[in-house]
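Quick notes on the structure that follows.
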């Protein structure tokens, strides 16, 4: 498969990377876990792995279905682009950096806005950290509004198919930071998001909550005051545990709580909107 085919069908990218993902998980299990080189909260538990893979399948199906509409919207917006950008090495690098910048703000909003957290909490609710945790995604991201954060890239003038490809490439690269096997990457820690930085992001230790939102470049966290180094041993999960490996429960628990709050007849419409946009409590 050549690069042109991937650009024209960006949804294939994660399928192309899937064998590498599987190799990493098998290595982490047999070399890391089986040989006692990883802590207990890095272990692969069958019920959780099945849950994680099911969540990934649900997420991909949701993306494929909603993507048909979102792509059409992007193509329409592309007609209003500010400039024509010819894709080459330099413009590709610029697109990668800009998309990573917007990813930082999407990710930060996903922790600070309850409506968006309702989708993102599924990824954080595991109390383990291993490569399979990367597959723990939510089918509700399109409803939460993830796609809105890439609109500026299309308006600037980047072809929607390239934008979608780079979004998926960014997410694919983030698979590799979901591990406790790699402790430090030396000088790369100053520039890039690494397993150490991302372990902090998944921590429920008070000093780790709402830190290290980076996708690929950790520099955004350092610029915007959300960086925290890994010092104390990370305790994974959320402050209000889900306590379930049922993918439906994992996906919809926070949405159910929002719906319960919205049914309060004493709240005005403005108060209900504020409730959905408020900071999550977990």
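Cβ from N, Cα, C; glycine included.
All TrEMBL annotations are machine predictions without curation.
As annotated by TrEMBL, transmembrane segment applies to 12-31 (among others). Distant neighbours of the transmembrane segment (12-31): 1, 5-6, 37-38, 42, 44, 60, 130-132, 134, 165, 168-169, 171-172, 175-176, 179, 181; these residues of the same chain sit at least 6 beyond its ends, with a Cβ under 8 Å from one of its Cβ atoms.
Residues 11, 142, 147, 150-151, 154-157, 159-160, 163-164 of the same chain lie 6 or more positions beyond the ends of the transmembrane segment (64-83) yet place their CB under 8 Å from a CB of it. The transmembrane segment feature in TrEMBL is assigned to 64-83 (among others).
Residues or ranges marked as transmembrane segment by TrEMBL: 89-106 (among others). For the transmembrane segment (89-106), the residues of the chain that approach it from at least six positions outside its boundaries are 146, 149-150, 152-153, 156, 158, 162-163, 166-167, 169-170, 213-217, 220-221, 224, judged by C-beta separation under 8 angstroms.
Secondary structure of the domain 'Fatty acid hydroxylase' (92-226) per DSSP, as helix, strand and coil residue counts: 91 helix, 3 strand, 41 coil. Among the features that TrEMBL reports, domain 'Fatty acid hydroxylase' is placed at 92-226.
Taken from TrEMBL, the feature transmembrane segment applies to 138-156 (among others).
Taken from TrEMBL, the feature transmembrane segment covers 162-182 (among others). Outside the transmembrane segment (162-182), and at least 6 residues removed from its termini, the chain residues within Cβ reach (under 8 Å) are 6-7, 10-11, 13-14, 17, 21, 24, 28, 32, 37-39, 41-42, 67, 71, 74, 87, 92, 95-96, 99-100, 103, 129-134, 150, 153-154, 193-199, 215-216.
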Positions on the same chain near the transmembrane segment (138-156), where near means CB under 8 A and six or more residues out: 55, 58-59, 61-63, 66, 70, 73-74, 77-78, 80-83, 85, 95, 98-99, 102-103, 105-106, 109-110, 115-116, 118-123, 163-164, 167, 251-252, 255
